[in-house]
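Taken verbatim from TrEMBL:
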- F89, G90, K91, Y109, T110, Y111: substrate binding site (BINDING)
- 139-244: domain 'Fe2OG dioxygenase' (DOMAIN)
- N146, Y148, H158, D161, H223, R235, T239, R241: 2-oxoglutarate binding site (BINDING)
Amino acid sequence: MDKFVNKSSCIYDAKSPRKKIKLESDKRIENEDEGGEFSHPVPWQKIEAEGLDCDYALLFSKEEAHHLFKQLEEEVVYSTGEEAKVQLFGKVHNIPRKQATYGDAGLTYTYSGVTRLACPWTPTLEYIRDAVTKTTVQTFNFVLVNRYKDGQDHMGEHRDDEKELDPLCPIASVSLGAPRDFIFRHRDARGKQSHRQIKPVKLELAHGSLLLMNSPTNTFWYHSLPVRRKISLPRINLTFRRILLGRKK
């Protein structure tokens, strides 16, 4: 499959919220608890199944989540035109949601036959990344932003198992906006040729929540965000990743 690089403009016109976000970040640091597996004292929920290991928590209060959603609506520049398409099985398809990529300078991420160049971090994305890092004691250098305008926008079953991703680093998924169902399905229990009966794992990702997909989850489980026609409100999802420099794709 041929690969090509998408280069977005990465330019936004919003007034920089850096000063306000910096003050909120300072408050978060002051309240930080340095003990335990996770550095920030949020009530974690463990989600486990055969080959599935996830942690789930509410990272942001409702008020702060509203503020972050509003700032992202002003800052994030989404792909359009040819940049809003992917290649699947040799065919080009429109992405059923809006998408953007941000991260450290020079980073690229390849999936579905398309190599995407990271735009520079915006102040709000940088703030959320730092909050996730303080909470999980994991560092991230790239984020994929997906915006779902309503319940018609969706994401098909897939695994985040690209070779340039650090296999030892979890994928950290932050949800803002309308709650949506998120479904895990084991690779041996998919489709007509499935040879095992393993029940899917279904979660509802709340406004302000953080889901950590730890290894080996993306080896054995596919995940999706299905259509939910009754949902009329938008949702923004941020999946923070750590890309290994120099890793062959």
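Just so you know, glycine gets a Cβ as well, placed from its N, Cα and C.
Ranked by Cα separation from H158 (2-oxoglutarate binding site), the binding-site residues Y109, T110, Y111 are led by Y111. Between the CA atoms of R235 (2-oxoglutarate binding site) and Y111 (substrate binding site) there is a gap of 22 Å, rounded to the nearest whole number.
For H223 (2-oxoglutarate binding site) paired with Y109 (substrate binding site), the C-alpha to C-alpha distance reads 19 Å. Taking Cβ-Cβ distances under 8 Å and a sequence separation of 6 or more, the neighbours of R241 (2-oxoglutarate binding site) in its chain are Y109, F140, N141, F142, V143, L144, D160, L165, D166, C169, I171, A172. Mean pLDDT of the predicted structure over the domain 'Fe2OG dioxygenase' (139-244): 94. Put simply, Y111 (substrate binding site) is 14 Å from N146 (2-oxoglutarate binding site) when counted between their Cα atoms. Helix, strand and coil counts under DSSP for the domain 'Fe2OG dioxygenase' (139-244) come to 7 helix, 50 strand, 49 coil. Taking the Cα atom of each, Y148 (2-oxoglutarate binding site) and Y111 (substrate binding site) are about 19 angstrom apart.
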